[in-house]
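The active site, proton acceptor annotation in TrEMBL covers HIS90. If you look up TrEMBL, you'll see ASP91, VAL94, GLY96, ASP98, SER100, GLU114 marked as Ca(2+) 1 binding site. Residues or ranges marked as substrate binding site in TrEMBL: PRO190. Marked as heme b binding site by TrEMBL: HIS220. Among the features that TrEMBL reports, Ca(2+) 2 binding site is placed at ASP273, THR276, ASP281. Annotated disulfide bond per TrEMBL: CYS59-CYS142, CYS92-CYS97, CYS148-CYS350, CYS227-CYS259, in sequence order. If you look up TrEMBL, you'll see 49-354 marked as domain 'Plant heme peroxidase family profile'.
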Amino acid sequence: MSVPKYSTACCFFSSQFTCLFVFFIIVAGTTTPCLAKIITNNTTRRHRQVSVDYYARTCPNVEQLVGSVTNQQFKESPVSGPATINLFFHDCFVEGCDGSILIASKQGSKELAEKDAEVTRELRVEGFETVMKAKEAVERKCPGVVSCADILAIAARDYVHLVGGPYYQVKKGRWDGRISMASRVEPNIPHANYTVDQLIKLFNSKGLTIQDMVALSGAHSIGFAHCKHFVKRLYNYKGNGQPDPNVDPKLLNALRMYCPNYGGNLDIVAPFDATTPFVFDQAYYGNLQKKMGLLASDQALVLDPRTKPLVQEFANDKNKFFQAFAAAMDRLSLVGVKRGKKHGEKRRDCSMHA
């Protein structure tokens with residue numbers, strides 16, 4: 001897989017590692033910490049109305065239409081993969097998997113849309129572009145039939161597979177949500193410094209298991225985070241004026257080169273997975289065992305007895321990780337599903353209410 005032309009790669013050291021690559025990319029906006037969400041009890045009945053073959057009669061080629069766009073986008077801009085997967089996670093975190101993250105704020109409105117929340121503004125534009133282009137392709141063949149929410153779910157699956165991850169069936173039949181509020185984003189997005197207790201509480205409150213949480217964290221096999229999300233680990237962890245002792249010393253030195261304590265370039269990012277940042281694999285979990293997790297919330301997974309066994313299992317067996325990830329993505333994709341005109345709409349332009 002080619003590295004995007006705006007990136008630079010440096011092999012900072014080789015020791016017990018084959019070769020640790022740390023990529024630093026200067027771009028305007030990129031991926032942010034992404035974990036995953038959630039199944040709520042009050043949507044269980046609606047789930048019965050979504051299915052893999054939901055569009056069998058009304059738009060039988062929907063997956064091929066979306067696939068033609070994701071394949072082309074991936075060739076032209078590989079970063080579209082992590083961008084779209086992260087976009088899907090953020091959509092499902094807030095108001096459920098209903099495409100509400102795609103709505104643009106209304107000019108003059110007192111309440112901004114999800115898209116303009118501070119956290120969401122860090123998402124790369126390639127994710128939004130993928131959905132927009134896929135929606136246009138689908139509308140030409142099946143006007144007014146397929147929701148933006150379904151297109152985003154399909155595109156995220158496509159990219160997981162294109163970057164080397166598992167292929168899984170996507171249930172369809174979601175309607176697009178009518179509510180998109182920036183104020184609801186921050187409380188529903190896991191933070192980079194969350195403890196395992198905080199993560200478990202959040203995921204359990206939404207209906208996901210500890211295994212789902214650890215498996216979905218494996219999405220950090222690809223993607224990047226801005227320095228601001230981990231810089232305290234490098235210099236002043238927990239306010240003690242010292243770095244996090246659970247950061248590999250060589251990784252610490254490499255990260256410090258590009259992320260100074262003060263006055264650094266706000267656009268600089270580093271990969272979640274320092275060894276294979278453009279390939280979806282189980283290396284992320286192996287990195288955690290070597291103290292090479294980028295975020296505190298990542299590294300914490302190997303330090304807690306409730307999550308450490310799963311980290312070890314996934315690190316040692318890619319097939320088990322892929323199976324667990326695909327199952328967790330299926331459950332994630334059913335979070336807050338909207339059905340019918342009472343709860344949703346079918347948008348022809350994903351950025352505007354119908």
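Here the Cβ of each residue, glycine as well, is placed from N, Cα and C on the backbone.
TrEMBL annotations: computationally assigned, not manually curated.
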Going by a 10 angstroms cut-off between Cβ atoms, which of the recorded positions CYS92, VAL94, CYS350 has the sparsest surroundings? CYS350
To see if you understand the setup: which same-chain residues, six or more apart in sequence, place their Cβ under 8 Å from that of CYS148 (disulfide bond)? GLY99, LEU102, VAL131, LYS135, ASP176, ARG347, CYS350
Other residues near the Ca(2+) 1 site, CB within 8 A of the CB centroid of ASP91, VAL94, GLY96, ASP98, SER100, GLU114? HIS90, CYS92, PHE93, GLU95, CYS97, GLY99, ILE101, GLY177, ILE179, SER180, GLY336
Show which residues of the chain containing CYS259 (disulfide bond), separated from it by at least 6 in sequence, have their CB under 8 Å from its CB. CYS227, PHE230, VAL231, LEU234, ILE268, ALA270
Need this for a regression test: recorded positions HIS90, CYS92, CYS142, filtered to those with Cα within 10 Å of ASP98 (Ca(2+) 1 binding site). What's left? CYS92
For the recorded Ca(2+) 2 site formed by ASP273, THR276, ASP281, name the remaining residues of the chain with Cβ within 8 Å of the site's Cβ center, in chain order. SER221, ILE222, THR275, PRO277, PHE278, VAL279, PHE280, GLN282, ALA283, TYR284
Ranked by the number of other Cβ atoms within 10 Å of their own Cβ, which of the binding-site residues ASP98, ASP281 ranks first? ASP98
Got a sec? Which of these disulfide-bonded residues, CYS59, CYS97, CYS142, CYS227, has the most Cβ atoms within 10 Å? CYS97
Fewest Cβ neighbours within 10 Å, where candidates are the binding-site residues ASP91, GLU114, ASP273: GLU114
By Cα-Cα distance, the member of recorded positions CYS142, PRO190, ASP273, THR276 nearest VAL94 (Ca(2+) 1 binding site): PRO190
Tell me, which recorded positions from CYS59, PRO190, ASP273, THR276, ASP281 are within 10 Å of CYS97 (disulfide bond) if we use the C-alpha atoms? none
Quick one: Cα separation, ASP91 (Ca(2+) 1 binding site) versus ASP273 (Ca(2+) 2 binding site), in Å? 23
